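Novice: Okay, handing you the structure first.
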Amino acid sequence: MASHDHDHHHHHHHSHDDGDHHHSHHQDGSHGGGGGSWVGEDGRVWHSHDGLAPHSHEPIYSPGDFSKRAPPLISRRFAERAFTVGIGGPVGTGKTALMLALCRSLREKYSLAAVTNDIFTKEDGEFLIKHGALPEERIRAVETGGCPHAAIREDISINLGPLEELSNLYKADLLLCESGGDNLAANFSRELADYIIYIIDVSGGDKIPRKGGPGITQADLLIINKTDLAPAVGADLAVMERDALRMREGGPFVFAQVKHGVGVEEIVNHILQAWEIATGNKRR
């Protein structure tokens, strides 16, 4: 492989209504489809996937505490971007099904728009369109590339752009943002999500809540989905409830079967309660 003697310095600066972000990328002669890693000028380790935009990750030293989670931003201007609900969780837990259920529950009384994240396709957005969740023009699908969690935490501009645009186009009351499926360490930045939902399911067994991770411990609401599968996989819901309450210091969680509508009304109530508190609006 040919060597490269030159350096590349990339500086991106973008500001949001909640503050400024400055990303510095410093790459020393590392090229190629497989990406690579290097130490940036900021002292953080940066990497890229398959030639995609470089990014770094905030170090995570512990699963965190519910009581010490980042609070909603005080400086938020909802006229510029409506109250945003972030929905995260591992692959296959029911994020897109929840997006569909929330759209169906809220669209009659509230102006909604949705942004979905997939790694290399627009499948989740297409699913919502196919099932008539919202008019097609109110749904945007974003391809995040190899690190979907970076798009909801370290470099949120890929999501902020379409969310702000949709919010202004449709005078949205609520925005829904679904992350790409990821691991238990992924969680939304408060600069992107005013209310954070993390969804797991029982198919991984009843050990998942106690494994923790920022999503499980620090989301505003934890959803344990597909409870109807518990007997088939030998998952004990009582154990999951105990561990969820312990890991989340009593923070709220909902047992659900989103596909069958079980628990959806309770989830909607949690969202609207947070929306009322943040915006000063009354539910309709």
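Note: Cβ is positioned from N, Cα and C throughout, glycine not excepted.
Features from Swiss-Prot:
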- 1-51: region 'Disordered' (REGION)
- 15-29: compositional bias 'Basic and acidic residues' (COMPBIAS)
- 41-51: compositional bias 'Basic and acidic residues' (COMPBIAS)
- GLY89, PRO90, VAL91, GLY92, THR93, GLY94, LYS95, THR96: GTP binding site (BINDING)
Novice: Using the CB centroid of GLY89, PRO90, VAL91, GLY92, THR93, GLY94, LYS95, THR96 as the GTP site centre, which other residues of the same chain sit with their CB within 8 A?
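Specialist: Other same-chain residues with Cβ inside the cutoff are GLY181, ILE199, ASP201, ASN225.
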Novice: Within 10 Å of each Cβ, count the other Cβ atoms and name the one among the binding-site residues GLY89, PRO90, GLY92, GLY94 with the highest count.
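Specialist: Its Cβ has the most other Cβ atoms within 10 Å: GLY89.
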Novice: List, in sequence order, the same-chain residues at least six positions removed whose CB sits under 8 Å from that of THR96 (GTP binding site)?
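Specialist: Result: THR116, ASP124, PHE127, LEU128, GLU178.
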Novice: List the residues of the same chain that sit at least 6 positions away from THR93 (GTP binding site) in sequence and have their Cβ under 8 Å from its Cβ, in sequence order, or write 'none'.
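Specialist: Those within reach of THR93 (GTP binding site), by Cβ under 8 Å and sequence separation of 6 or more, are GLY181, ILE199, ILE200, ASP201, ASN225, LYS226.
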Novice: May I ask you to report the DSSP-based helix, strand or coil state of VAL91 (GTP binding site)?
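Specialist: Its secondary structure by DSSP: coil.
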Novice: Let's check the environment of LYS95 (GTP binding site): how many other CB atoms sit within 10 Å of its CB?
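Specialist: Taking every protein chain into account, the count is 26.
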